[in-house]
Structure formats: structure tokens, C-alpha cells
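In Swiss-Prot this protein carries:
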- Asp34, Asp88, Glu160, Glu162: Mg(2+) 1 binding site (BINDING)
- Arg47, Arg72, Glu160, Gly244, Asp246: DNA binding site (BINDING)
- Asp181, Asp183, Asp246: Mg(2+) 2 binding site (BINDING)
- 413-493: compositional bias 'Basic and acidic residues' (COMPBIAS)
- 502-526: compositional bias 'Basic and acidic residues' (COMPBIAS)
- 535-548: compositional bias 'Basic and acidic residues' (COMPBIAS)
- 549-584: compositional bias 'Low complexity' (COMPBIAS)
- 587-603: compositional bias 'Basic and acidic residues' (COMPBIAS)
- 124-266: region 'I-domain' (REGION)
- 349-357: region 'Interaction with PCNA' (REGION)
Amino acid sequence: MGIKGLTKFIADAAPNAIKEIKIESLMGRIIAIDASMSLYQFIIAIRDSEQYGNLTNESGETTSHISGLMSRSIRLMENGLKPIYVFDGAPPELKGSELEKRGEKRQKAEELLKKAKEEGNLEEIKKQSGRTVRVTRKQNEEAKKLLTLMGIPIIEAPCEAESQCAFLTKYNLAHATATEDADALVFGTKILIRNLNANATSNQNKNKNNSKRGYILTEINLEQVLKGLNLTMDEFIDFCILCGCDYCDTIKGIGSKTAYNLIKEYNCIEKIIENIDQNKYQVPSNFRFQEARKSFINPNVLPKEDIKIDWNEPQIEELKHFLIKDYNFNELRVTNYINRLLKARKVTTQRRLDNFFTACTKKSTKLIVEETKKEQTLPARKGKKRPTAGDKNKQKAVKRKIEQANANGHHKMKEENKSVDNEKNEDGIKSVDNEKNEDGIKSVDDEKNLDDEKNLDDEKNKDDEKNKDDEKNKDDEKNKDDEKNKDDEKKSLDNFSSNLFDSDKESESGNIIKNEKQNMDDEKINDNLPSLFGDHSRIRHTENKDNISDINNNNNNNNSSSNNNNISNNHFNSVSSNSTFNSSTKLKSEDTLKSNSPLKEDSPNSYNNIKNNNHTININSQINNHKEPISNNNLNNINNSTEIKKKNTLFLLPFCPKDVTNVKKKKYTQRC
């Protein structure tokens, strides 16, 4: 019968614990099936449609349970399930009163069935015939023989089949329990499957348009039930006893809802009985709830060591003889069953992916060894641990002991220890020794840890200082190298500029520098003339200037055409024409100076020696370039213009050879 209203209450209070699954989801799973419940279903379901009687052989023996058990087992195996059938043993003593009640109900149903047959009421016949069904021992033995010939394992429980199935799931020998009795959850089955038998043999859940639709089954998870109801296993057992079970009577007026509220408030049946209203809720005089609790917690089941589950090959010849000769089954039907059985056994040999990928909860010895090695090789963490109050007290105690040992000496300590050991008992000696060893070990470990930490800190500080010194040296070397590179670059630039504008080199810039030097020398000579010749020199110098201006005017008039031609020609031709003109002017100026000079030609301070300076040549060259009468202001302007040209040439003039005519024409004559 199970627990009254349990599945309905679970569906309402803990809906996550119940779910519908397909039979394909159980592929490769071992399912423990309540055999007596299955046989009861077969005898009720498989009947003659005319008289609603059982299928029988020639001798009148019932064969409904054999045909139903064989067809269902083959269908489960075809879907990949591995069934294990568990048969009931002797009923427990607590169930005696329940069995008496069932016997009385069966007698009443037989009386009603006789009346329905006399009246010809088919609906009443069908209803009452199901209540009169009873599975006999002979039928159980016939079912056991059939399953052994098919190679399917069976287990004979010493007591209840539901309790044995539940413990198979606890032993991890089965995945779930297939039964209609909800008391399998109270025995502790992990997963309960309902409607497996009905759905596996009927077509009621198939869709006409889609015949390949899988069967829908109901699965109840005990762990989710306890979470949803927020109960412990002991509280859940007391709750089921209050709802109504096969092992004791129930308290009148208490259903599943009130039982749940009372358990949540008082946690156990004893407190409920003490605090319950006896007038409202009548407790039975023989309320054996404690014995029922024990039977649920410690049922009479086979231990794990005594359980043997063997999957054997089917005995085909013996199976044929058993079905055809003993129970008059059709031979074609039997051969069809056997062929299906052989194919189904190949399907059951397939394994699930869960079997290949199982979770390992224990660490292997290799992992443990590797972890210990890593912990030993790991460097100590930076910084010191903050000592706690206990550590400080231990350190103080260690220091005191050391001071006392140094003061008294090792010999006195030994004598005191001997006297103390003689006075104490053996138990006291052991306790003291253990405490001393622990304190000594701890103190030594603390000292070692402190020394290790200090050494590590010193080594780290040294390494940091070395790294800082190395970084400073590297920075100094880099700065020195940078300064050297800068000095080398400056020197190279100075050399480059000196090469470009060196007076000794044959370049236009060199000639400009020479001319500037000559101008500076001429200015010095002009400044020194008054000191050498006095006022007379000034007169002569002015006369010389006048003569030079007259010569310049004449030459400008006579040679204007030639100079214009020279300007239009190349730069090199202009240089040659100017040189000839300078030579002529030089001769004329020399004559005038000779005639007017009162000094001797041989005197070292004579004007004839000074006239050989490049002063006149420089002046004449400037006259040719400017073509204007030269005065002191004009000379200053010329000097300023030369300085401006000098600055411009520093930035504009490239380096090129003096005699450009001798250089061959190429695409790249010379790069600047």
C-alpha cells in the first residue's frame, strides 16, 4: 500500500523533486524492480476480454504473469535497461494487522464479484476481479524460473522487496528502484521510478501521428524531496508514519498537511503526542510508531557481501521447452521472443558515457607527493608574519627557560627532572613528557623560523643594494658615453666647417677669407700711415686717390663696352679681365707715387716699399666691382658688404673646387 497521499503531497510541496523522463534516459542503467508488484500488475492487466479471466493453459493454470514478464523484460532490454528482479520474502510481524485487513477486503470483493456475474454487470466484474487478485508462491517460482532461463539476475529478499531494492541503490549496485509503493523512499532509495511497468507495456502514451515518441516515466529524487520539504531523514520518516504506513495505525484527523506542520513545529512524534490536543486528535492505544521507525531505519535486508548479480547467457532450448510444452505457448511466438531477446542483450552491453567519466573524490599518492614537494620548494613570502599574543608568550617562555638553564647549569636541571619524575605517576610522567616535547619542538621551530626569516631579510637587503649599485654604475657609464658622443659630434661639425671655410683650401670660401684678411691688413696700414709720414702722407694719399679716380673714370669711358661683354661672359673670363685692368691701374699709380714721393727708394720706411702692398689692388678690384669714386665712407660700406657676403656664404655656398674647368662633367660632380 505504501504511504497514504505521499506522492501527491510531494508534487505540491516539493515540485522540483518529481520530473517526467523518457525511457531512453535510463539506457545502460541497472534498475531494481519489485517483482511481486510487477506480477500483480500482469495478472490484473492480462485477462480474457469476454469473461475478464486470466490467461490459462490446457490444464487451467494461469499464464498471464509469464507472458507479461517475458514481453516486458525484453522491451526494457531493447531500450538499454538492465533489470534486476527482487522477490518478497516473509512479511514482517508489524505488517500482520495490515495483511488481515487486506484478507477481509478480498473476501468482500469475492462476494461482490459473484453478484456482478449473476447480474451480468461487466463494469462491476472488472472492478471486483482486480481486488480479488493474489500472487501465489507457485506463480513466484514460475517467474523466477523464467527469468533464470532468460539470463536475467534475480534476488530473493529476506523480507520486503522495496527495502532490499532501496539498499541496492545505497550499495551503488542499482541506479533506481521501480515500484508503485512510495514507502521505498522511506527505506532510503535514492531514486524512485513509477509507471515503468505500465508505460513499458502499453501504447497509451504514444501519439498516433508520431509512433516513435518515447515513453514518459515519473522519477522522484529523495535528495530533492528533503531539500524541498526542508526536513531531515529522521523527520521525513516520522512524517510518513503520521501520514499512514503498513506497520502501524494512524492518528485519526491527521493527514499529510497537518502531519507536515506538526513535524516542522515539534520535529518528532514523541513531542507531538505530548503537545497534541487529545480531544481533537485521537491517538490509538496500540500506536507502535517506534517499532515502525526502526523497521524503516534498519530493515531486514541482505548485506552487500551476500548479494550476487550475474548476467548469464539465455538457455534457449530449455526456454522453448518451458514455454511450449509446459504452458502451451505458440511456437512462432516463442521463436519471435527468443530472437528479440538475443538482439536486446547486445544493446544492454553498451555502456554509458557516465561510466567512462567518473568523478574522482580522492587524491592519488602522486599528487600528494608533488604538492608536498612544491610546498617545500616554494620561496618564503616577503615580509614577516605579525606575531600573535600566543607567539609572544611562547617566545618569552623560551627565553626564560634558556636564562634559567644558563644560570643553574645543565646538571641541576637533570637532577630536578629526576626528582620530579620519581614523584609523579606513570600517567603524569607521560603527560608531562608530551607537553615538554611539544613545547620544546614548538620553541625550537619558532626560533628556527625567526632565524630563517632574519637571514632571508638580510640576503634580500644585500641583493637590493647590489642591484642599486649596478644600476647606478650603468647610468654613469651611459652618461659618459653620451657626453663622449656629443663631443665627437661637435668636433666633427667643427672639422667639417673648417674644411669648408679654410683659407688654405682652394675654394671660393677660402678666397673670400683671404680677401677679408687682406682688407683687415689694409685697414691697419691706413691707420699706421699718419704715424709713419705725418700730414704729407695724407696729402700724397689723397692725391693718389684722385689719380686713381681719374684713371678709373678714363677706363670706365674707354672700356665700358669691354666690361659689359665681360659681364655677359662666364665668371672665369670676368676674373681674367679684372686682373688685366688691375695691372694697368697698378702701373699708373706707381708712377704717380714715384714722382711725388720725396723719400728715397732704398729707405726701409719709404712709400715705395709700402706701395707694393695689396692695398692698391684691393681698392682697384673694389672700384671695378662698384664703379663709384671711393671715399672713407664707401670703404666702410664695402667692408660691411663683404661681411654680409661672408655670412651668406656660410649658409649658401657649397664646397666645390677652385678650377671647375678641369673637372669632367658627370651626373654627380660632387655632393655637398
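Indices start at 1 and increase along the chain as displayed.
Placed from the backbone N, Cα and C atoms, the Cβ positions cover glycine too.
Features as recorded by Swiss-Prot, highlighted on the structure.
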residue: Asp34; record: Mg(2+) 1 binding site; Cβ contacts under 8 Å, 6 or more apart: Val86, Ala161, Glu162, Cys165, Thr177, Ala178, Thr179, Glu180, Asp181, Ala184
residue: Asp88; record: Mg(2+) 1 binding site; Cβ contacts under 8 Å, 6 or more apart: Ala35, Ser36, Asn140, Ala157, Cys159, Glu160, Ala161
residue: Asp183; record: Mg(2+) 2 binding site; Cβ contacts under 8 Å, 6 or more apart: Gly2, Ile3, Glu162, Cys240, Cys245, Asp246, Phe296
residue: Gly244; record: DNA binding site; Cβ contacts under 8 Å, 6 or more apart: Ile3, Lys4, Gly5, Thr250
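In the region 'I-domain' (124-266), the DSSP tally of helix, strand and coil residues is 72 helix, 17 strand, 54 coil. Taking the mean position of the Cβ atoms of Asp34, Asp88, Glu160, Glu162 as the Mg(2+) 1 site, the remaining same-chain residues with a Cβ inside 8 Å of that point are Ser36, Met37, Val86, Ala157, Ala161, Ser163, Gln164, Cys165, Thr179, Asp181. Asp181 (Mg(2+) 2 binding site) has a Cβ environment of 23 other Cβ atoms inside 10 Å. Annotation for the binding-site residues Glu160, Glu162, Asp246: lowest Cβ count within 10 Å of the residue's own Cβ, Asp246.
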